[in-house]
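What follows is a short report on a single structure.
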Amino acid sequence: MSEHLVEVRGLTVEFPVADSYVRAVDGLDFTLEAGKALGIVGESGSGKSTVAFGLLGLHRGTGARLTGSVRVADVDVVGADDGELRRVRGELAAMVFQDPLSALDPYHPVGDQIAEVYRVHRKVTRRAARARAVEVLDRVGIPDAARRARSRPHEFSGGMRQRVLIAMALACEPRLLIADEPTTALDVTVQAQILDLLHDLRAETGAGLLLVTHDLGVVAGSVDHVLVMKDGRAVERGTVAEVLGTPREPYTRALLAAVPRVDAPVHPVDKRGPVAAVAAGTGGAAATSDGGDAAEAPAAPVSGGASAAVGPVGADGDVLLEADGLRREFGRRGATVTAVDGVSLTVREGETLGVVGESGSGKTTLGRMLVRLLDPTGGQLRYRGQDIGALGEKALRPLRHELQMVFQDPVSSLNPRRSIGESIADPLRAAGERDERRIRARVGELLERVGLDPDWYHRYPHEFSGGQRQRVGIARALAPEPKLIVCDEPVSALDVTTQAQVVELLGELQRDLGLSLVFIAHDLAVVRQVSDRVAVMRAGQVVEHGRVDEVYDSPQHSYTKGLLAAVPVLDPTESAARRAARAGAR
Amino acid sequence: MTGYLIRRIIGMVTVLFALTVIIYAVFYIAPGDPAQLACGLKCSPVQVRQLRGQLGINEPVYLQYAHFLKGVFAGRDFSSGAGVLHCDAPCLGISYRTNEQVTSMILNRLPVTASLALGAMVIWLLLGVGSGLLSVLRRGRFTERVLTSLTLAGTAIPVFIIGLLLLLLFCAYLQWLPFPSYVALSEDPQQWFWGLLLPWVSLALIESAKYARLTRSSMLETLAEDHIRTFRAYGVSERRLVTRHALRGALSPVIALSALDLGTMFGSAVLTESLFGLPGLGKLMVYSVNVLDLPVVVGLVMVTGFCVVVANAIADVLYAVADRRVVLT
């Protein structure tokens with residue numbers, strides 16, 4: 001028996017693409033000692049998940065070519081026969097999957113699913129397996145586990161489903177847990193709970209942990225060693241303190257720099273730097289929107305032009321949009337759900353209003369109402385003083401182009417069967433433009449404006465990366481020359497570096513075009529980075545709102561405090577201290 | 001659930017009501033004189049006029065329709081030249097042709113079509129889902145290719161060809177089976193079964209091809225989903241993945257399609273019924289339309305419409321049972 005729990009030597013994985021192969025992992029070596037935790041960090045496409053899947057031999061039958069050696073708990077995964085491999089899967093090493101809704105079978109009760117896995121590896125009766133399922137469900141903190149074991153996945157919240165998946169991994173007491181982005185789809189507070197749970201379980205069972213994630217904040221408090229991957233290779237490795245504290249490689253440094261920080265904006269977005277500097281001197285000067293010059297020389301603002309005023313906290317601009325006691329209920333009589341429950345807020349010209357909250361807090365519903373994609377069921381919505389909350393579709397028409405939206409999912413918010421140029425041209429055509437040449441020219445201009453090649457009119461969404469697709473989404477929102485853009489989680493599906501680029505683009509556009517932005521996100525750090533003012537939402541209500549620095553540095557509401565305390569930090573010692581504090585609070 | 005049923009029943013009544021209105025309207029517009037057709041070419045104009053009066057088709061169409069509705073809810077009387085013929089509610093009228101009550105005409109033939117449709121459905125579900133399942137379990141191998149070709153052939157060949165071939169082979173040439181005929185189940189279950197076996201099989205062969213493809217494609221779709229990967233990563237065998245997890249996902253579309261097929265089968269198994277000489281609803285429908293026997297056509301449309309609506313309501317309930325995420329509203 002070797003001393004390593006996991007030993008990977010010269011691992012190379014290639015996937016067939018058309019008639020050649022694409023190398024996803026390229027000569028990777030690493031080991032993991034029993035009971036230790038290793039974090040594999042990288043952006044999407046770095047090959048980190050391929051490594052995790054390779055440990056369980058999941059590449060088999062997919063046509064992937066794998067060379068090198070992979071040993072898990074002394075089993076040669078590459079050479080093992082099917083029976084031996086099945087013993088590794090679940091019995092010796094168990095995977096905690098990402099995206100818990102699709103990772104469980106929707107048709108069967110969760111207890112049965114765990115029992116099924118247990119019975120694959122242990123010769124026990126159905127009844128004993130069910131009992132085991134209840135036991136592990138109870139261990140991961142599912143309240144009333146015996147009853148809830150009979151529920152199906154859709155009857156659980158996202159955090160609870162993630163717990164179910166961890167319970168499944170625990171069922172056979174494996175020596176290695178492989179967690180693939182276990183918290184990516186979750187809110188910060190739930191993320192903290194899940195990470196704490198994994199930490200406790202590891203201490204209790206002595207299992208090793210391989211944590212695969214794109215989020216450096218997640219590894220900080222959860223692992224002993226970190227391996228940074230890029231393009232299938234290991235870029236940097238070391239203890240978590242070394243890699244996060246004193247990174248040697250430029251790539252690691254860039255990755256760390258791109259992480260938005262909630263404690264203080266280390267690298268504020270472009271628009272804030274120069275403008276804030278000027279504002280500090282003059283008490284609210286204005287930037288202009290006269291094209292490229294402003295982009296290159298933002299430190300020389302031209303005064304006047306009230307419509308383009310970008311105040312330091314937006315306090316000086318005219319009120320553009322005002323919500324007063326805005327409400328929205330869903331469902332019919334007897335079974336209504338109040339998604340937004342009396343929200344009052346203002347958006348001034350040229351400012352960014354951040355809206356943060358956990359899933360289900362009503363922030364998306366609010367955002368959609370602000371641009372009248374959804375009709376409010378109560379309260380008032382005033383745009384430039386005019387009540388548009390109850391305006392009919394026809395009367396609203398002339399205002400539609402001024403209120404635009406950028407959606408969360410750049411994949412599903414673009415029609416896959418239409419070229420991106422056509423998608424961007426849609427709002428132009430809707431506005432009545434018929435001249436094909438002018439449309440082409442304008443689309444080219446917009447593509448260039450968001451940093452894409454103007455000649456890409458005829459390309460289709462699948463040809464682009466996530467970040468590029470989001471740029472297309474932004475170009476489409478810009479097309480009708482709006483005054484206000486509501487961005488609903490515009491960067492939450494993107495890697496940190498791409499995220500930083502898109503955030504920067506939004507800031508730049510705001511500065512150049514004098515746009516007002518409403519930036520909806522669950523990520524507190526990103527919101528701090530981009531916003532002038534922020535509103536914290538919970539259960540359909542704004543519990544706290546004010547200037548971004550005030551809210552973040554001295555939160556008044558206990559909910560805001562809880563949210564901020566749950567945000568993962570990059571410093572491992574700080575992270576451990578916070579975990580201890582959370583454990584004390586429980 | 002109660003609310004769902006009430007809404008569903010209201011919807012059903014509305015659909016049936018609309019169907020009868022449409023049929024009456026169509027018949028009113030359609031060319032041809034039922035009385036002339038019923039009487040034959042030798043009738044004098046006087047006789048025809050007399051017959052028109054007897055049949056009640058001299059009245060305006062809305063009055064005819066009102067009489068029809070009254071018959072459904074309260075029964076009605078018909079004067080048939082000599083005496084008065086009483087028809088109890090629910091009365092769908094009497095045939096222009098035979099003076100038989102439509103209700104009893106339909107009730108006499110309903111068991112034939114029901115036996116044919118239900119029996120065929122059992123076979124096509126077994127065959128279709130079974131071969132779909134088999135082709136997924138053996139995917140990429142010889143068995144799958146054979147099954148794919150067979151199902152392709154199945155969808156391409158019309159029922160009267162397959163039926164005729166089966167008839168020739170098993171009844172005429174090999175003489176293993178009697179020529180199909182209908183004997184009521186209550187009379188002699190054995191004869192009922194053997195008499196209907198060929199019609200069932202020829203209907204089911206065609207239908208099952210569709211189901212095999214549907215089962216196969218939705219199972220393959222499910223197999224590509226994330227939760228299958230979860231169980232694969234926990235050492236669950238490929239066979240179990242297919243039979244327990246993927247098959248379950250394929251059931252919903254199969255249920256939905258079966259309901260539609262079963263419902264339409266009640267009115268449109270004409271070819272099979274004619275080919276095998278079964279006195280079912282489809283045959284009656286074709287005959288009645290040809291001779292403009294309005295009461296019979298209206299009755300048949302109502303009954304088949306009723307079957308389609310009920311089959312779909314049952315499918316919706318089964319759908320919600322198969323997939324608990326579905327909420328009946």
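One is the number of the first residue shown, and numbering goes on along the chain from there.
Cβ atoms here come from the backbone N, Cα and C positions, even for glycine.
Summarising the annotation, TrEMBL assigns transmembrane segment to B:9-30 (among others).
Annotation comment: TrEMBL describes B:110-319 as domain 'ABC transmembrane type-1'.
According to TrEMBL, the feature transmembrane segment maps to B:114-137 (among others). Cβ atoms under 8 Å from those of the transmembrane segment (B:114-137) belong to residues 143-144, 147-148, 150-151, 182, 185, 192, 196, 199-201, 203-205, 207-216, 219-220, 223, 239, 242-243, 246-247, 250, 254, 258, 261-262, 265-266, 269, 272-273, 278, 280 of the same chain, restricted to positions at least 6 beyond its ends.
When Cβ-Cβ distances below 8 Å are used as the criterion, the transmembrane segment (B:149-176) is approached by residues 131, 198-199, 201-203, 205-206, 208-210, 212-213, 271-272, 275-276 of the same chain, each at least six residues removed from its ends. The transmembrane segment annotation in TrEMBL covers B:149-176 (among others).
Under the heading transmembrane segment, TrEMBL lists B:191-209 (among others).
Within the same chain, residues 112-114, 116-118, 120-121, 125, 128-129, 158-160, 163-164, 167, 180, 198-199, 202-203, 207, 210-211, 214-215, 218, 282-283, 285-286, 300-301, 303-304, 307-312, 314-315, 318-319, 322 sit at least 6 positions outside the transmembrane segment (B:254-276) and bring their C-beta atoms closer than 8 Å to a C-beta of that stretch. Feature annotation from TrEMBL assigns transmembrane segment to B:254-276 (among others).
Only residues 6 or more beyond the boundaries of the transmembrane segment (B:296-322), in the same chain, are considered here, and those with a CB under 8 A from a CB of the stretch are 8, 11-12, 15-16, 19-20, 23-24, 27, 68, 92-93, 95-97, 102-103, 105-106, 110, 248, 251-252, 255-256, 258-260, 262-264, 266-267, 281, 284-285, 288-289, 328. Per TrEMBL, transmembrane segment is recorded for B:296-322 (among others).
Tertiary neighbourhood of the transmembrane segment (B:191-209): same-chain residues 115-116, 119-121, 123-125, 127-128, 131, 150-155, 157-159, 162-163, 166-167, 170-171, 177-178, 180-185, 261, 265, 269, 272-273, 275-276, 278, selected by CB-CB distance under 8 Å and a gap of 6+ residues from either end.
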